[in-house]
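Undergrad: Before I ask anything, here is the structure I am working with.
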């Protein structure tokens, strides 16, 4: 008798991702002559980020099951945000569960959560910084994240509410981070599948009270917004939003390529952006070039919003002699003699 359908589903999702990782990190010894001695590198290490919740515990269990069969080392990391009383003890419990699954290395990392961008964004920034550092420290080639299709739907709605562009509507990528470090195997699986997999394997899970706290935007969306949409529109809203994310990502990727190819054609010999040539481009392509130029000048990508780029765009499409535009990171955009100059102020 095979595993529970939910367990089979999570294992298959992880197996596919691990196969991709193996292909990407295969040792380059195949081209060496057989009579030339050479040392093979150690098997790749894949870490799972685990909060102890159902999604990440299911992911950890699937990684622990699949990795040895593929000759991959598997470890686990939990991040203690220190936002709740006893969080350090819970983090230690999670590490114990990861050890019980057979994962090694395992580690609990305590972080200090700042205030920039609100509590959710600050916690996310601290968490990813800790995971990046852990991956470098342990020499991991990838870190698995337990985001599900439900998380993807929530992300799309949050982007829509902010009035963001198509890139925000594309949600979370299956592969992201420097060098493709972060992998999200569960983006095609719903949250209930992960929870059922934990139940079928008798895995203890921890339900973070913050996930039910209406003080947090994502929590309100999860417990009030999405149920209201499904009540008004019928079942299938989550699936439709996740599908929208993928279609939007395909379009956004194509526009990014177009913008990258067009950028060289709108710069003069000195590398400055020519306003007349920018004006001739489609708005979606032009704004991507402007955003890229602002980031290259030092504007933090996470603080550079659509409204900032729209203001810079008006220097090209609605020129009336207006002054310089101040952007995040002390970057200034200014039109000078038919050229657009974006630089540190």
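In case you wondered, yes, glycine gets a Cβ from its N, Cα and C as well.
As listed in Swiss-Prot for this protein:
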type: BINDING; residues: 51, 52, 53, 54, 55, 56; note: ATP binding site
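Tell me what's around each of these sites.
TA: Proximity of residue 53 (ATP binding site) to non-local residues of its own chain (separation of 6 or more, Cβ distance below 8 Å) is seen for 146, 205, 206, 207, 208, 211, given in sequence order.
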Undergrad: For residue 52 (ATP binding site), which residues in the same chain are close in space, meaning a Cβ under 8 Å from its Cβ, but six or more apart along the sequence?
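TA: Those within reach of residue 52 (ATP binding site), by Cβ under 8 Å and sequence separation of 6 or more, are 78, 90, 93, 94, 97, 205, 206.
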Undergrad: Let me spell it out: for each of the binding-site residues (51, 56), count the other Cβ atoms within 10 Å of that residue's Cβ, using every protein chain shown. Which one has the most?
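TA: Result for the most crowded candidate: 56.
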Undergrad: With every protein chain in view, what's the tally of Cβ atoms within 10 Å of the Cβ of residue 54 (ATP binding site), excluding that atom itself?
TA: 23
Undergrad: Does DSSP give residue 53 (ATP binding site) helix, strand or coil?
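TA: For residue 53 (ATP binding site) - judged by DSSP and reduced to three states - the answer is coil.
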Undergrad: Counting across all protein chains shown, how many other Cβ atoms sit within 10 Å of the Cβ of residue 55 (ATP binding site)?
TA: 25
